[in-house]
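**Student:** Once you've had a glance at the structure underneath, I'll fire off some questions.
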């Protein structure tokens, strides 16, 4: 008699995904971040559900309801800060996951990669609408500035902005619909995650060597379940330290002030995980140009499979592209720093240089490095 998990209609799906899944024997800890993202999503949905039980999406009471959650609800402060800092951990894992995909050439599994880009965009949208909900100063002005960017779209821009706002400014209607979006989007993300997993299990994972690993596979359980468990413990430890010791370190001080349409904060900036894109947006003096650069800064990820002309899979044995990759990461950190700085010299100039380098590395330098490395291989 075969084991139940292998022939039960429901259990065999779980079995083929998490138990008997053939996995390359040499995947490193950089492959842990997929499961960590799954844990982050579960934490966000659970804490978000409990927050939604006490939150009111009305301009008159939203700010007070968040204060009420922190002061009067049992462990409300913990749930609120787990949710806020959980988003930061989510994005840290997301950036590392995408970075690993770029480094090890996972983008050649194009369906998985493209679903991943859609997931990235959906997560960014979820985080943006969620940032507006506490209805602090930066929530309000962040929503105003970012949604107002859509007015740069020719002909339909202004109508589109008013349609999203539900009026002539960010107000009660905007907050209500943003709450609705923030509630539904994580479930859409969860559905997309299943599609993402479906495609990755069609082809199997890539591995650090970039070679075909069909001849050297091991079952996912117990080897990688234990390995993932260690990653999860480390993630939870870091999140706990963040929540209990530095809960507001990644937030904005302006969000302790209730939203006031008559008073603009000195420097409007989004949450830290959007700063790199915000810096690219600000580095172009033209509104429409800035919006296009902002969109392109994420969609450029879709160009990786098209621009890749290397004979090797991944960067493990490609020192020139490796160097470019780490310059790209350093440049991304510089953009993140610039996004949080005021719009003045020398920050504007640094931002413009970093923005140009961001696109130049991906579109021009990496393909050139690929060709040079191909020629070096031919010589030997």
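Glycine residues also receive a Cβ, built from the backbone N, Cα and C atoms like all the rest.
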**Student:** Out of 12-32, 33-53, which range is noted as transmembrane segment by Swiss-Prot?
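**Tutor:** It is 33-53 that Swiss-Prot describes as transmembrane segment.
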**Student:** Transmembrane segment per Swiss-Prot: which of the ranges 157-177, 178-198, 199-219 is that?
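**Tutor:** From Swiss-Prot, the annotated transmembrane segment range turns out to be 178-198.
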**Student:** Looking at the candidate ranges 257-277, 320-340, report the one that Swiss-Prot labels transmembrane segment.
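**Tutor:** That would be 320-340, the stretch labelled transmembrane segment in Swiss-Prot.
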**Student:** Which residues, given as numbers and ranges, are at least 6 beyond the ends of the transmembrane segment (33-53) yet have a Cβ under 8 Å from it?
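**Tutor:** Same-chain residues near the transmembrane segment (33-53) but 6 or more away: 69, 79-80, 82-83, 86-87, 89-90, 93-94, 96-97, 100, 182-183, 186-187, 189-190, 193, 228, 231-232, 235-236, 239.
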**Student:** Quick check: do the transmembrane segment (288-308) and the transmembrane segment (178-198) share at least 3 Cβ pairs under 8 Å, counting only pairs 6+ apart in sequence?
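**Tutor:** The transmembrane segment (178-198) and the transmembrane segment (288-308): touching, no.
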**Student:** Go through the chain and flag residues at least 6 beyond the ends of the transmembrane segment (113-133) whose CB is under 8 A from any CB in it; none is fine as an answer.
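**Tutor:** Contacts of the transmembrane segment (113-133) (Cβ under 8 Å, skipping residues fewer than 6 from its ends): 55, 57, 62, 66, 87, 90-91, 94, 98, 101, 106-107, 139-140, 142-143, 146, 170, 174-175, 178-179, 181-182, 185-186, 188-189, 192-193, 195-196, 199, 270-271, 273-274, 298-299, 301-302, 304-305.
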**Student:** Within 10 angstroms of the C-beta of residue 182 (heme b b562 binding site), what count of other C-beta atoms is obtained when all protein chains are considered?
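**Tutor:** Residue 182 (heme b b562 binding site): 22 neighbouring Cβ atoms within 10 Å.
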